[in-house]
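Annotated signal peptide per Swiss-Prot: 1-27, in sequence order. Annotation source Swiss-Prot lists domain 'Ig-like C2-type 1' at 39-126. Marked as N-linked glycosylation site by Swiss-Prot: Asn44, Asn70, Asn140, Asn285, Asn293, Asn306. Per Swiss-Prot, the feature disulfide bond maps to Cys57-Cys115, Cys157-Cys202, Cys244-Cys296; the stated evidence is sequence analysis. The annotation domain 'Ig-like C2-type 2' is assigned in Swiss-Prot to 136-219. Taken from Swiss-Prot, the feature domain 'Ig-like C2-type 3' covers 223-310. Summarising the annotation, Swiss-Prot assigns GPI-anchor amidated asparagine to Asn322 and lists sequence analysis as the type of evidence.
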Amino acid sequence: MGVCGYLFLPWKCLVVVSLRLLFLVPTGVPVRSGDATFPKAMDNVTVRQGESATLRCTIDDRVTRVAWLNRSTILYAGNDKWSIDPRVIILVNTPTQYSIMIQNVDVYDEGPYTCSVQTDNHPKTSRVHLIVQVPPQIMNISSDITVNEGSSVTLLCLAIGRPEPTVTWRHLSVKEGQGFVSEDEYLEISDIKRDQSGEYECSALNDVAAPDVRKVKITVNYPPYISKAKNTGVSVGQKGILSCEASAVPMAEFQWFKEETRLATGLDGMRIENKGRMSTLTFFNVSEKDYGNYTCVATNKLGNTNASITLYGPGAVIDGVNSASRALACLWLSGTLLAHFFIKF
């Protein structure tokens, strides 16, 4: 804001006005807020970015001249506008009040503003400080990330605002009330576990407006483990189903074996069906030769695991090792090579 807006005035008029203002606000005059001889001290004005700020100066009939300044820049002198900023307008100029408005306030408008008056040939001033508040805004946040279990992870969330916002990280994929993680721009997780996967929420708050919230997803890879594998009893001629459930990220791939033979859909009236975490081996018409131990193998890029499941008939004793036909299944997996040995004893 400056005096250049009146360069279109005749130069003589400009000189006269300049001299009058020099007389009005002489160099070295101290700022006095709350002076007993000044009509009224002014409180600080606080507005949000984008709103309008009204600066009010209470005066009386002793005032002969009055002006508003921003630091050393003249905005208005009486009804004469010196600022070239179209956002600055005069609201009231009466014997009791002299007020201006700054529209669409921005952060660079923040600072001291001075109301200067001339009374009884003595200049007096009162200062008001304009405070501009800015809602919180997250400017930079980490992207979604995939890591292996046991790795270290650092998430970043940078936010701006006035006052400076408080940044909080929270894990959303846990029970309510247990999701608080940290109150910092950086979230560091060492030796990450599979139950620490999921969405993490960054919230920036400064009480000026609603918090700015962004989310980051962490995917934790881990090798398979079989969570459900149950022996099944069924009579000859009936339908029998063996099921095998495995948790893994990425999703596990399943294979079924009986002794040293890898099974496939269509082999001897069997069907293998894989759906997500579950794999089933279905016998549509169980015969005596179908009874025995079967091995479910779950594999992903981080490792493998297996479980032995028994299909048995009526009267069979199953206690983990069949008393009629004890067996030990051993599996070695390396890359895509899988060797299967079935040892009876």
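Backbone N, Cα and C define each Cβ position, glycine as well.
Annotated features taken from Swiss-Prot, shown on the structure.
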{"residue": "Asn44", "record": "N-linked glycosylation site", "DSSP (3 states)": "coil"}
{"residue": "Asn70", "record": "N-linked glycosylation site", "DSSP (3 states)": "strand"}
{"residue": "Cys115", "record": "disulfide bond", "DSSP (3 states)": "strand"}
{"residue": "Asn140", "record": "N-linked glycosylation site", "DSSP (3 states)": "strand"}
{"residue": "Cys157", "record": "disulfide bond", "DSSP (3 states)": "strand"}
{"residue": "Cys202", "record": "disulfide bond", "DSSP (3 states)": "strand"}
{"residue": "Cys244", "record": "disulfide bond", "DSSP (3 states)": "strand"}
{"residue": "Asn293", "record": "N-linked glycosylation site", "DSSP (3 states)": "strand"}
{"residue": "Asn306", "record": "N-linked glycosylation site", "DSSP (3 states)": "strand"}
Practice problem: Compute the C-alpha separation of Cys157 (disulfide bond) from Asn140 (N-linked glycosylation site), stating it in Å without decimals. | Solution: 6
Quiz item: Say you check the Cα of Cys244 (disulfide bond) against those of the glycosylation sites Asn70, Asn293, Asn306; which is nearest?
Solution: Asn306
Quiz prompt | Helix, strand or coil at Asn285 (N-linked glycosylation site) [DSSP, three-state] | solution = coil
Quiz prompt | Other CB atoms within 10 A, centred on Asn44 (N-linked glycosylation site) | solution = 10
Quiz item: About how far apart, in whole Å, are the alpha carbons (Cα) of Asn44 (N-linked glycosylation site) and Cys57 (disulfide bond)?
Solution: 12
Quiz item: Hey, what's the Cβ neighbour count for Cys157 (disulfide bond) at 10 Å?
Solution: 24
Quiz item: According to DSSP, which of helix, strand or coil covers Cys57 (disulfide bond)?
Solution: strand
Practice problem: Taking only the Cα atoms, work out how far Asn70 (N-linked glycosylation site) lies from Asn285 (N-linked glycosylation site), in Å, as a whole number. | Solution: 93
Quiz prompt | Residues in the domain 'Ig-like C2-type 1' (39-126) grouped by DSSP into helix, strand and remaining coil | solution = 3 helix, 51 strand, 34 coil
Quiz prompt | Nonlocal neighbours by CB distance (under 8 Å) for Cys115 (disulfide bond), same chain, sequence gap 6 or more | solution = Met42, Leu55, Cys57, Val66, Ala67, Trp68, Tyr98, Thr125, Ser126, Arg127, Val128
